[in-house]
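Some notes on the structure that comes next.
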Amino acid sequence: MTAAPMEQDGYNLRLYVAGQTPKSLAALANLKKLCETHLPGRYTIEVIDLMKDPALAQRDQIVAIPTLIRQLPEPLKRIIGDLSNAEKVLVGLDIAPS
Amino acid sequence: MASNDAMQAARPRNEAEETVEAIHRGNVDAVVVQGPSGPQVIMLQGADAPYHVLVERMSDGALTLDADGCIVYVNSRLCALTGLGAQELVGRSFASLFIGSVPQQRADDTASDAQLRRADGGDLPVSVWMRQMAMGGVVATLVTLTDMSIQRRAEEVATAERFARSILEQATDAIVVLALDGRITHASWVAEQLAGRSPVGHMFSEAFALDAASASQQGTLARFSRESLDQALATKPFHGVEVRLRDPRMSGRSFLLSAGPLVNDAKDAVGSIVTLTDITERKRAEEQQTMLVAELNHRVKNILAIVQSVAGQTLRTAPSLPAFNKAFSGRIQAVSIAHDILTQTRWIGIGFNELLTTVLAPYGVGEGRIVIEGPPVLLEARLVLPLSMVLHELATNASKYGALSAPLGQVTISWRLRDDRQRLELIWLERGGPLVEGGGSRGFGTTLIDRVVRFDLDGDAVLAFEPEGIRCKLIFALTAETTPEHLPASAVQPD
């Protein structure tokens, strides 16, 4: 999706969605805005549509959609919902508000 | 409030707890559950709203069936196609939607054709696609219906267009279709040939520069300027105006110009169909027919005059009624044979040799009693009748009194061309017949020969009654210098 060269302290994010459900679309929009504001040039987002391949849910044990997974930096973190609460997302991803 | 949330989020929490809370707060719109064949995404209420809008807006009819084939959902397009409301459709059986066979799901995932029943009593051709799906443990069938009537109509229009096009291509007349402004929209193959290029897109008067074919037709065409002719042809019916094309390639050819309105389904004129029929051959045939009728009239009058004259003269010289009958029949027979020859040769003419053979057939021309010698000569049609009558008189005389009346008598007919092939000299020589006594007889036969040769053949006849038999010399012109309009001399009463 939005790709940037990975750095040492880069964020590798994975967003699980279900087609074009309203929460999925909102989550993706919120995430992109947040990353551009707080992590410019330091993130990658991979969007996985479970409508197309539900089996991919097993990899990160997804039970609700949308769900955001922070793969890197470790440890793995998980945020469920449409990511509309920016403050909560920043805390959840260990990103210091700028 | 926000910092309170953040503090809560920062607290290590059970993932299950977090998931339940997200669902509870309405932050998720789908969940993943373990189905019989692996993980399955289940939409929560509202999650399918975008799809619902798309389905409602799509141009195909869509419906969902339950496991019993009962309709559980229809989109608005399906309501429009059937003419029924959603409330009337939901709960009905799928089969009740169709007239005739009910479509089934196909193994190859393609659509099948069916007739959709409409509320107004009509029906609609549709293409039906179906797929059965397991949805959260229940089996449902998704169906789409595509209205094929527009496509069918388009196919019909295309077929009609091809049909019209093939008529245009094969028509022997030049046919063009004009729009209301006089511009050509379609043209037949012949029209293209006449115009020397594709006339489509041009004004009619540009593509076909016309002149009236005759002074009498000039008035009709002269009433129009170029522009007004285009207008008139496109909007008014035109019948049979004879015209010529100014194109030098078409000089000498005549055409019949006609135009009739082209109307649409609503009976409104949308242009016209203009035809240019090549009538050159027809006119030529008409002229020939007129000429032939005049000629026939002239000839019939001639023949009647001849018959009248022959009858009168034969009556005057015949000693008895049986003698009259015989002589008259023979002469009329000669006229008849001459006419047969003219008809068979289509009034073109005949070889002299052939004429002699035909006319003298009853007198033994093929039995060695009549010998024919001379170069090939083609006789004009006008010479056939007078020559036939002269030959008939000579042969009749010979068979009654001359060489052909005796068993060993013979007639030799010889001829040559003279005066630069302008004239023919013929010698009729009888030998082996009874001795001819002093001077012979100048009866009707000899008078007729003399007059016919002089007036009809523009020649001379010299009849010598030699003791061994008759010698007759005929000299006559092969080609007429002027066409004589008078009646043949054979029709003229003798002095």
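Backbone N, Cα and C atoms are what each Cβ position is placed from, and that goes for glycine too.
Annotation source TrEMBL lists domain 'PAS' at B:47-93 (among others).
Look at the domain 'PAS' (B:160-199): DSSP puts its residues at 18 helix, 11 strand, 11 coil. Under the heading domain 'PAS', TrEMBL lists B:160-199 (among others).
When DSSP labels each residue, the domain 'PAC' (B:239-291) comes out as 15 helix, 26 strand, 12 coil, counted as helix, strand and coil in that order. Residues or ranges marked as domain 'PAC' by TrEMBL: B:239-291.
Long-range neighbours of the domain 'PAS' (B:160-199) within the same chain, counting only residues 6 or more positions beyond its ends whose Cβ lies under 8 Å from a Cβ of the stretch, are 205, 207-208, 227, 230-231, 233-235, 245, 247, 249-250, 255, 259, 262, 269-278. Mapped onto DSSP classes, the domain 'PAS' (B:47-93) shows 20 helix, 11 strand, 16 coil.
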